[in-house]
Amino acid sequence: MSSSSSSAKPDVTLSLTLPSSPAHETFKPEERGLLLIQLLLSCARNASSNNLHRADACLQRILELSSMTGDPMQRLAAWFASALAVRIVKRWPGIYRALLSHAERDGPTAPPARPILAPAFPCLAFTRAVVARILLRALAGERAVHIMDLGSGDPELWVPLLRGLSQGPDGPPQFRLTCVSARRDVLDILGHALVKEAEIMGMPFQFNPVNVSLRELTEEMLRLRSGETLAVVSMLGLHALLAEEDRIDADFGMIKSDSVKESKRVGEFLSMVQSASPRVFFLVEQEADHNATRLVDRFVEGLHYYSAVFDSIDAALGGSCPKERLALEEMFGREIEDIVSCEGLEREKRHERYARWAVRLAWAGFKPVRLWLNAMEDAKGAVEAHLRDGYKVVTERACTMICWHERPFLAVSAWSC
């Protein structure tokens with residue numbers, strides 16, 4: 001569920017001595033979990049106020065109680081401790097670079113997470129089904145279709161959609177897909193899969209790979225053409241455009257603002273998309289608030305959000321697939337590191353809640369589109385087809401939220417000009 005960072009991030013967990021099994025002290029899981037949360041918050045306070053000796057003492061205690069092979073809270077605490085350690089070590093650039101160099105020599109600690117992401121998170125399959133369903137409705141009867149994929153490069157989304165478009169009553173339309181991604185391998189895999197599928201179905205198809213980040217994207221790269229019906233899909237990547245040089249407040253207070261912070265880059269990007277007059281614009285983002293300037297706000301929100309993520313991984317994989325679970329948790333651990341240890345332009349995981357995105361989209365001239373024609377029946381059928389026990393779908397106006405045990409995971413919304 002993450003986009004690639006513009007700069008390399010250190011895997012300093014390789015330099016930390018994380019215990020491979022829980023500490024010998026006797027704690028009930030609930031007691032140990034509460035103690036770990038208290039220690040993590042205390043460590044973050046001390047790190048923010050430059051009390052590094054106390055932060056170090058907290059880290060040592062956290063590492064005694066946490067474990068990469070323990071329960072979800074122990075594993076989550078190990079990743080948050082690692083992120084706090086990175087934040088502290090960054091105060092000494094020489095040490096930080098040496099650790100980064102060491103991590104790069106050692107290489108990755110887990111296999112790639114992407115192949116097992118969807119099976120472990122059925123909410124992704126649900127999201128794909130919602131997007132494909134609405135796109136097929138919105139594009140029905142059109143003879144020339146252009147879809148812009150802003151960063152996902154997901155064959156599991158676009159191959160089924162291509163098949164659906166080919167089965168229209170008037171035959172397949174001319175279909176062009178533009179995919180924007182900073183990763184060349186993602187573009188190559190997607191292009192090969194779609195071209196092969198189009199040839200099998202005899203569908204007129206063009207693939208337009210744009211090998212840049214969303215920050216570098218210009219209107220000229222999209223190759224817009226008159227006479228085409230345009231649709232735009234952004235999957236879990238638009239928040240990276242919120243990165244800016246924040247004013248860093250070292251205080252670890254609990255003051256929190258619900259106001260929407262203006263972002264020139266996001267405003268210009270959404271205005272560019274709106275000026276292309278898409279039939280529909282899909283926005284899928286993490287339903288979380290990790291874009292506060294104060295570390296404490298991001299830290300508390302991160303603990304709440306990623307505890308749900310780790311619980312859901314545990315429910316999906318349990319102890320039966322340790323390598324796969326490690327790969328997924330390492331992927332999310334890098335997100336945690338970005339949220340906790342990075343500031344300014346370096347911090348890209350700036351997830352924000354749907355309500356704030358709705359304001360920004362309205363500023364750019366978009367209007368919400370109701371996702372469900374028959375909300376209750378459609379939602380119920382989609383949940384039964386794609387989600388398992390523990391997940392819940394909440395629909396409100398132009399937004400569908402997927403929750404794990406009442407804790408929101410993803411927000412899916414549709415917009416038009």
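For all residues, glycine too, the Cβ spot is worked out from N, Cα and C.
A TrEMBL annotation is a machine prediction, not a hand-curated record.
Quick look at what TrEMBL annotates:
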type	residues	note
COMPBIAS	1-20	compositional bias 'Polar residues'
REGION	1-24	region 'Disordered'
REGION	189-221	region 'Leucine repeat II (LRII)'
MOTIF	238-242	motif 'LXXLL motif'
REGION	341-416	region 'SAW'
For the motif 'LXXLL motif' (238-242), sequence-distant contacts whose Cβ falls under 8 Å of one of its Cβ atoms, 6 or more beyond its ends: 3, 150-151, 213-215, 263, 265-266, 269, 283, 285-286, 291, 348-352, 357
Folded-back contacts onto the region 'Leucine repeat II (LRII)' (189-221), same chain, C-beta under 8 angstroms, at least six residues removed: 6, 150-151, 153-155, 158-159, 162-163, 165-166, 172-182, 237-238, 240-241, 265, 269, 272, 275-276
Segment confidence, the motif 'LXXLL motif' (238-242), expressed as mean pLDDT: 96
